[in-house]
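Per TrEMBL, the features are as follows:
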BINDING   151, 215, 286, 491  Fe cation binding site
């Protein structure tokens, strides 16, 4: 095919790549050692490169020729120690686990640098050209957090906003919003941007020992949206998991009878909105977008009615009949919540406070809490992406993979959330990954650009390829076939040419 002449730059992708080391195997697909890929677009041609992230975890495992570092779904048990004291110490040291730096979920830009990220307090700097692994950064040196999301936000100045969980620090468990500046003062050029990291605000967890799990958060022009879902980590169970011979994933529990609380933090005052807003129990991983309109906050996310998604990716379930046998018990649903921040305080109990044209409701209750019910935008999509220039603003289009009842994506979809119309790309025996939207530099409209996705064939004898779609029409512009074994990955980013100057220059 023909690629647009303006498409110059690099698509960086990240995901689990190696699941067997020596005679040992990971239990869960999300545990595999991180594999980085890059597709470089230069003058109508595509260059491919891939490399394992050389994390401390990778190096320790390869050296021992077996899994010696625990991951979320796989507990590693090093050789039984010779004496009883060393053994007891080994158990104790796992109480607050030394988390893995196998950063296999996403790629983040901070300052002028790029980092592979997971959900622990470690991230790894990488060279985007060579995919070499550089220094390890521990968030905990700069902010007291044990876990952090892999879906940061970037503001117009290029600063990174991210959230982490601080577990029982000074007797409190809280969710911390922090900011990494895009540049450091001239006189401190030698220092990293993390030295200037600042805590924007923190939200106390409803429970000291059961903090909510979260994978992303939302952002509008004036607010940060954090959702405390009843899908929680049990800290006591985590602390004793190693002794009990179970993995950390088994310490996550979903309570379907609980509420899901919405927190809105004013980005200027750094204070939380005092009104309590909530909805029914749900499990979700991905926010899509959020914006403000006429005193309301509108946010869209992909939600489930249970936590079966994680369990499906245990490798024992991923056999050759996986597609036929594995069925989600809850289909992913794209939900829109409309939350009235400004409403008539004298409105009567039981009245719907939403003043916008939407089937979403927000009902005032006796105790002053507001119970929200969503509008359903569509079903069966996951790994949503938008034109990031519209992040926090009113928008129209979502690009996503389509999954239906099996967690394996079979199509790429474009949803117009205003008209609910959908466009699709699919081909027999193809599993596409998260679609990344790249805007045309001269774009006048939101969907003026291309969508990039890596496509793996379900027949291992057939070569995978990078697919380039016209984002407007969803017609194929071209594909770059890569003759290597490629894995389904998780997330990635596109770096325009001017941001990532090529090595030769």
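Cβ atoms here come from the backbone N, Cα and C positions, even for glycine.
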C-beta crowding around residue 215 (Fe cation binding site), within 10 angstroms: 14
Cβ neighbours of residue 491 (Fe cation binding site) where a neighbour is any other Cβ within 10 Å: 22
Near-site residues: Fe cation, ref 151, 215, 286, 491, CB cutoff 8 A to centroid: 105, 106, 149, 150, 216, 285, 287
Around the Cβ of residue 286 (Fe cation binding site), the count of other Cβ atoms that are within 10 Å: 21
Residue 151 (Fe cation binding site), number of other Cβ atoms within 10 Å: 20
